[in-house]
Amino acid sequence: MLNTLLPILLFAALGLAVLGAVKRFVMWRRGRPSKVDWIGGLLKMPRRYLVDLHHVVERDKYMSKTHVATAGGFVLAALLAIVVHGFGLHNRILGFALLAATVLMFVGALFVAKRRRNPPSRLSKGPWMRLPKSLLMFSVSFFIATLPVAGILPEGFGGWILAAILAVGVAWGVSELFFGMTWGGPMKHAFAGALHLAWHRRAERFGGGRSTGLKALDLDDPKAPLGVEKPTDFTWNQLLGFDACVQCGKCEAMCPAFAAGQPLNPKKLIQDMVIGLAGGNDAKFAGSPYPGIPLGEHGGGPHQPIVVQGGKGLVEADTLWSCTTCRACVEECPMMIEHVDAIVDMRRHLTLEKGSTPNKGAEVLDNLIATDNPGGFNPGGRLNWAADLNLPLMSEKGEAEVLFWVGDGAFDMRNQRTLRAFVKILKAAKVDFAVLGLEERDSGDVARRLGDEATFQTLAKRNIATLAKYRFQRIVTCDPHSFHVLKNEYGELGGRYEVLHHSTYIATLMSRNLLDLGQHKGGSVTYHDPCYLGRYNGEYEAPRAVLKAIGIEVKEMERSGFRSRCCGGGGGAPITDIPGKQRIPDMRMVDIKETGAELVAVGCPQCTAMLEGVVAPRPEIKDIAELVADVLIEAPAPVKKPVVAKAELEGVQ
Amino acid sequence: MTDLNIVTLVSVGAHPTSGRARRAEQDARAVELGLRLAGEHLRVVHAGDPREEALRAYLGMGLPELTVLEQPAGADALPALADFLAEAGAQLVLTGSQAETGEGSGLLPYLLAERLGWPLVVGLAAVEKVEQGHAQVLQALPRGQRRRLKVRLPFLASVDNAAPVARQSAFGPARRGELQVEAVPALTDELFADAQLQPARPRPKRLKVIKAKTAADRFKAATAKASGDGGQVLRDLTPEAGAEAIFKLLVEEGVVR
C-alpha cells in the first residue's frame, strides 16, 4: 500500500512546491528590474553556499555542524527518496544510502531540537519551534519506510497500521520540507536563500570580495523613483533577499540601536519587508519586536507606502532613522542579506520626496548645500586649523605624492589636534604631500546616509572635478567615512583613486623606516575599530601594527575586529538622534572599561567625538595619529629664524 | 480656511556664512504659514530672475508651482508686485520682514500696503480664524508675548522668526515643481541704481546687566513685560507736539546730538 501512497504524497508535495515557487517568484518580480547573471549565478550558487555562506555560519560551530548534518542529510534523503520511493527504484544500495541520509538528518535534527529547548531571545519562536519536529518526523518516517527496501525488514512489515502511521509521518514531513519551502513556512529560507545567493545584488561579496559602497540613484531620469516608498520600489532581488531571512537573529544580537533600546531590530525590519512583499500585518511575528513598539499594530502590502506619516504603516520612520549604518547586521547575516542598503533606500524616499529628515537632519543638509560642511561654518575657515603649519596647497603645487584629505573635522577643535598630529608625522617622514585647502568639500558621507542622494552627488561631483585638476598617487585621510566614500562610492560617479586611512599610511611609513619613534609610555591601551574602516573596508591589521610598533600591546575588547560595536556616530545617527533607553557610546565605553585600559586608541573623528561625549570618569581617548606623534623623535633641529625655516620647508616641497 | 486666496511673496536669500543663494529664512516661514493655511492652493510669487536655482528650494516645500514676475536685476519689484496682487484678488499676502539680498531695507511690505491701501500686520505669528471678511490673528511681540488682532481682509502680513519654522525642502518636489514665468514691465529702481552698497555694521546694543541672583529671578526677568521706566503714553496730540516729544527723547538718549 505504501508503494502507491508514497509516490502520490511525494509528487503531490513536489507539485505544490513548484506551484508555490512560481507564485513566490512572481511576487519577487513585482520589484523593480535589476540586471543579474541568471545562469551564471545559478551555476555559482553551490560554491557560494558551500564556501562563502559556510564561512559566516562557521563562526557558530554548533550551528554550522548541526546545519551541515541536517541540511546535507535532508538534501540527500530528499533526492534519494524521490528516486527510491517516488519512482519505485527499490535498489538495496540506494536503500542503504537513503537510510544513511535519514540517520544523518535525524542526528542533525536532534541538535536543532536541543537548541530549541531553551532558545536565546534572538531566535524567532512560532512556526520555528515546529521545525525540529518536522525534521525528525521526515527522517524517521523515511527511515522506517526504507527499511524494507534495504532488505532489513520484510516487505509489508507492520501491515496497514504501520503504513498508515508512516503515510501520516511522510505527509507531515514533505508538507514542511517540500511545499512549506515555497509557501512561506520556516523552510522558505532554503529555497529563497539559494536563489538569493545566485542573484545577489552584490555578487562581488562572494569569493572573499568586499562590496560596501551604497549604490547610486539615477538622478538624470526624472521618472526614476527617488528611493523606496513601497515594497515594490525595491529591486526584485532585494525582495528575494528579504525572503531568504532565516530569522536566526544574529543581526539583532549585534545591532547597537536594538541594544540601546531604539526602535530598530534588523531582523524584524527584514520580516516587515517580507510582510510588505506578501501583504498582511506583523501580529504573527514570533521574534523580538522593535523596542517600544508593540506587535500587531503595523501592516502593509506590496503597493502601499512603507512609512505613513502620523499613521500606522509597515514601519515607523524612527525605525529607519535609528540605524547607524554600522553594518554589524550585514556582517553577521548568514544569508548575506543587505539590511543597510534597504534602510538607506527607504531613507532616500523620506528625505528626497517627503522632506522629513528628523531633528537636525534638515539643518545639516541645508548647511551642506550652502556651506559644503555639515556645521554651517564659513567655508573660508576650512584651513584655519593649520594657519601656523604652512601646509603645502595643491592649488600651488599642482602635484604631490600624497593628497591629504582633511575632512570636515577641520572645523572641530578636538579633531584639529588629530589633524595637527598627523601633519607632524607627515613632515617628520618628509612626505611629499599637499592639501586641497579651501577647495575641499564635505565628502558627502552624511548627506548620502541621511538619504539625500542629490546633495551627495553634487558634493561628490564637485570634489571629483577638483581632484581631477591635480596629480597625486594616493589620497590619505584621518576620517574613515571620507576614506570609504572616496574609495568605494566615488567610483560609480567617475572618481577612482587609491585611498588610504592614516593608520595604513603610518604603517607603511614605519615599514619603510621613515619615522624615528620612541615607545609609548603610560598605561594600558585598547583599540576601538571604526565601522567604516573595519567592517566596511577590512582594515583591522594596520592600526594594531602601528600601535604595536610604538610599544603598545592592545588589550582587545570582547567585541573587536569585525564584531566591533559601533560608537553610535555613523549614518547620521547623532543628527537624527532617535531616543532610546541608553546611549550607544555609553555601551561602548562599558566594553572599553571591561578591558581595564586607561586609554582607548581610535582612528575616526566620529568615534572620538562620541566616546569623548561619555561622562567621566572614563579612559582617555586618543587618535592613533596623536599616539604616534607623541612618541615621535624629531631630528634635533638647530634654532632657526622663521624665515629660514620656511625656506627649508619649501625646499622639502 | 482653504477657500482663502493667499499669496506669499518670496525672495532669494543668502546663507549668512557662505553668502551662497538659498531660500530666504523668513520668506520660507511665510511660505510655511501659507501652506498651513491654504495647502496646495497657496500662490507663491517672486519678482526677479526665473533662472535662479535657489527658487526651487521653495518648490521643494511641496508647491506645485511658483510664479515668477520676470525682471532684470536691479529693477523695482514694487509696482510689478502691487499690480499682480491687485489683479490676483489676493485676500492675505504674506512676506518676510526683510530680504537677505539686495536692498534689504524691510520696507517692501509697508510700501506695498501703502500702494494697495491695505492694512499691514508685522510679526504675524499665527492666523487663528477667518470669518465674514475678518481674520483673527496673533501678532508676535518681544519676549514671547502675543497680541490678538482682528483685521479686515484683504491685508498684508510680514512674518519674522516668531512664525513657525519652515519645513524641509525636498529634492523631488523641487525638481518637479514648475516656475511659471510672467512678463512684467521692468522699472529701474533709481534710488537703488544710484546708491552704493556697503557691508552693514552690527548695531550697537545696550549691555545686558544681569542683576538676578536666582533662577527664578532670571526667569522673571526673561518673561516679564517691559516695565515702563521713564516712558509715557501720549494721546490726542497734534503732529507737531508728537514730533517735539520724539525729538526730545532722541536728544535725551543721545541718538541726535
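Glycine is treated like the rest: Cβ placed from N, Cα and C.
If you check TrEMBL, you get these features:
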- A:236-266: domain '4Fe-4S ferredoxin-type' (DOMAIN)
- A:313-342: domain '4Fe-4S ferredoxin-type' (DOMAIN)
- A:6-26: transmembrane segment (TRANSMEM)
- A:68-87: transmembrane segment (TRANSMEM)
- A:93-113: transmembrane segment (TRANSMEM)
- A:134-153: transmembrane segment (TRANSMEM)
- A:159-179: transmembrane segment (TRANSMEM)
### Message
Which sequence-distant residues neighbour the transmembrane segment (A:93-113)? Criterion: at least 6 residues beyond either end, Cβ under 8 Å.
### Response
62, 65-74, 76-77, 80-81, 83-84, 131-133, 135-136, 138-140, 142-143, 146-147, 149-151
### Query
Same chain, outside the transmembrane segment (A:134-153) by at least 6, Cβ under 8 Å from its Cβ: which residues?
2, 6, 70, 73-74, 77, 81, 84-85, 90-92, 94-96, 98-99, 102-103, 105-106, 108-110, 112-113, 162, 166, 169-170, 172-177, 180
## Note on the structure
Outside the transmembrane segment (A:68-87), at least 6 residues beyond either end, the same-chain residues with a Cβ under 8 Å of its Cβ set are 3, 6-7, 10-11, 14, 94-95, 97-98, 101-109, 111-112, 135, 138-139, 142, 145-146, 149, 177-178, 190
### Task
Over the domain '4Fe-4S ferredoxin-type' (A:236-266), work out the mean pLDDT and round it to an integer.
97
#### Entry: Helix, strand and coil residues within the domain '4Fe-4S ferredoxin-type' (A:236-266) as assigned by DSSP
18 helix, 0 strand, 13 coil
### Task
Helix, strand, coil: count each for the residues of the domain '4Fe-4S ferredoxin-type' (A:313-342), based on DSSP.
14 helix, 0 strand, 16 coil
